[in-house]
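Listed features, source TrEMBL:
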- 346: active site, 4-aspartylphosphate intermediate (ACT_SITE)
- 383, 387, 417, 418, 419, 420, 421, 422, 423, 424, 440: ATP binding site (BINDING)
- 567, 571: Mg(2+) binding site (BINDING)
- 24-38: compositional bias 'Low complexity' (COMPBIAS)
- 153-247: domain 'P-type ATPase A' (DOMAIN)
- 1-38: region 'Disordered' (REGION)
- 70-90: transmembrane segment (TRANSMEM)
- 96-115: transmembrane segment (TRANSMEM)
- 258-282: transmembrane segment (TRANSMEM)
- 294-316: transmembrane segment (TRANSMEM)
- 636-657: transmembrane segment (TRANSMEM)
- 663-685: transmembrane segment (TRANSMEM)
- 705-725: transmembrane segment (TRANSMEM)
Ligand SMILES: Nc1ncnc2c1ncn2[C@@H]1O[C@H](COP(=O)(O)OP(=O)(O)OP(=O)(O)O)[C@@H](O)[C@H]1O
Ligand SMILES: [K+]
Ligand SMILES: [Mg+2]
């Protein structure tokens, strides 16, 4: 027996109650540098390099001449030591040649610093505007007697400074107020303006219970009121972390960068040995060389170009992510994104639109539809998930069923939904002492529950759920156990829609050699239907949080790099285990803590762009390393003949560039070596063009373009410089 339909208007606001979405014009701190969602043209513009930045960053470049800063970069440190040696030599034996070389060696170091300073400078501007968003607010903290679930009408609040809030404090935030700290919504639904953080002016819904409960301090509530459980301490908020991040304060070298630095250092040592042994040979040949010439030879041989640009390339990669509203907590994650083999995506909300809503009640033969709707609604009254709320709303909409009044169900024991049990419901004790247990949930779990009490499940139950699942919907079985015995009443049809254009994104990923796997807690039939429609390579159904974690470790054991997106607390362990874990900004704090990237737009398909940016970072570094090493070859052809033609006139044959004189040849090589750094700063910051293709093709293309380019360009450049400076007295 079920209680009569209660008669009270539902008080809870539904997501539809939010104000209509404003046109998506980006504004706010990141907007200037950030593309509107999906606006690639704007993104391209944001990545453009403005020569003014070179001038603005010049003072910072000079500041980086401090030995403590220089010693971090072995290649540049050697150039700086060389510059000191030639400067001393110029002072002791003044000559135009020695002075010119000294000046250009110093310029080489400054240009390298400039590359890094320009890259960092872009972040500083963003940090400034974020700081402005971090205003001091007064919070309304709920007094100790408030517990989750207590009616807010009886809540008492006290005013405290936002900076005094502690984790686990509850704060009440109403329309028009600023959320004082990061946290999770534990009561209510509200439309929130997050433009202070995301630059996106369209309001977003934040609600308790589901996977959209995360709120960020500094954002504004537009409608309704919510209770937020604080999760961050003052000074350690999301905004604080974001500022440190864009400023590059927390930037650390990635393992790949360290490895490359070691390689460059080793090359430098080899060339130092070469140059040191050149002197006795030159002596023997009767072509004794000055310190200046030897230093010049060394500097042209060592990989100064990549040594100068390496750090800027890394910073620019992080910056490109920020422009797309993604915050990477480590450079390592960005690199890993470039090498990802497997992409794990959630079904609900990632591949589908995510508002999995009750669309119909389907009663079993012999069951009254109203009876089913009533039971479904009762079982969902305390179910704060979007699915649970949509069941209550559907029952209210189509059958006029209303929630019971406060106190009417005081004898109820609510059973919360969990991803492990896949069920939710209620145990009710009526006035006459009779007890009803109502459950709704995944078919397998509810059938199991009914059978455990000795109930019989008619074949129709399975038939109904299977046909809903085969259409891509999610069936929830509703069952009761009361004096009438344990039995299934019928099915709730939850509907969800596959996102438009998602199939094309998966095709693109396949071209990049990346395998996509959809993971869902849903049944295999629904999973298969959605997987087919969306075009993913594989799927895992009825996945528990442990299954997700196990899938990731299994892939990783095979040597693969795994990326995943997630928003729920139950995604947290998997997000932490994945090589690239992208948490949605809307997600729970647990998810955001666990991942190594946060997407402010909460757009799970952003992962595809993240992979592209990672790949672009790796390719840019590879291309410029290739360029750097090959472009030193030409300089060798400029300097060696210049050093020895006096002793061995036959070596003039090596002077293939037909340079004017030994001094002009050496000077031209050094000037080119310095100028190429400045010339490549825009490319290092923008990144080389990326076309989705296999790694093999990319490698071939890059070797051809940057290897050959690196070989040929200096011949032209040095010749040109030689033509100009040969007119300078003292060099010609
Ligand atoms: N509020 C609810 N009450 C009862 N059962 C539910 C509820 N929400 C979902 N279920 C059942 O539990 C199953 C698992 O749902 P869950 O939301 O955990 O999936 P998930 O792991 O998040 O997968 P997805 O990526 O599709 O969201 C669903 O297929 C559904 O059958
Ligand atoms: K060099
Ligand atoms: Mg879910």
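Heads up, the Cβ atoms here are built off N, Cα and C, so glycines get one too.
A TrEMBL annotation is a machine prediction, not a hand-curated record.
The transmembrane segment (663-685) is not in contact with the transmembrane segment (258-282), judged by fewer than 3 CB-CB distances under 8 Å for residue pairs 6 or more apart in sequence. For the recorded positions 346, 383, 440, a Cα to Cα distance of within 10 angstroms from residue 567 (Mg(2+) binding site) holds for 346. Listed by sequence, the residues of this chain that lie at least six past the ends of the transmembrane segment (294-316) yet keep a Cβ under 8 A from its Cβ atoms are 73-76, 78-79, 82-83, 85-86, 101, 105, 108, 111-112, 115-116, 118-120, 123, 248, 251, 253-254, 257, 260-261, 264, 267-268, 271-272, 274-275, 278-279, 331, 617, 620-621, 624-625, 627-629, 631-632, 635-636, 638-640, 643, 666, 669-670, 673, 676-677, 680-681, 684-687.
With a cut-off of 8 Å on Cβ pairs spaced 6 or more residues apart, the transmembrane segment (96-115) and the transmembrane segment (70-90) reach 3 or more such pairs and are scored as touching.
Long-range Cβ proximity for residue 421 (ATP binding site), meaning a same-chain Cβ under 8 A and a gap of 6 or more residues, is found for 441, 445. Residue 571 (Mg(2+) binding site) carries a helical DSSP state (H, G or I). DSSP places the residues of the domain 'P-type ATPase A' (153-247) in helix, strand and coil in these numbers: 19 helix, 36 strand, 40 coil. Around the Cβ of residue 417 (ATP binding site), the number of neighbouring Cβ atoms within 10 Å comes to 20.
Separating the Cα atoms of residue 383 (ATP binding site) and residue 346 (active site, 4-aspartylphosphate intermediate) is a whole-number distance of 22 Å. Here the C-alpha separation of residue 417 (ATP binding site) and residue 346 (active site, 4-aspartylphosphate intermediate) works out to 18 Å. Cα of residue 423 (ATP binding site) to Cα of residue 571 (Mg(2+) binding site): a span of 18 Å. In the three-state DSSP assignment, the secondary structure recorded for residue 417 (ATP binding site) is coil. Its Cβ placed at the centre, residue 571 (Mg(2+) binding site) has 30 other Cβ atoms within 10 Å. Note on the domain 'P-type ATPase A' (153-247): its mean pLDDT in the predicted model is 87.
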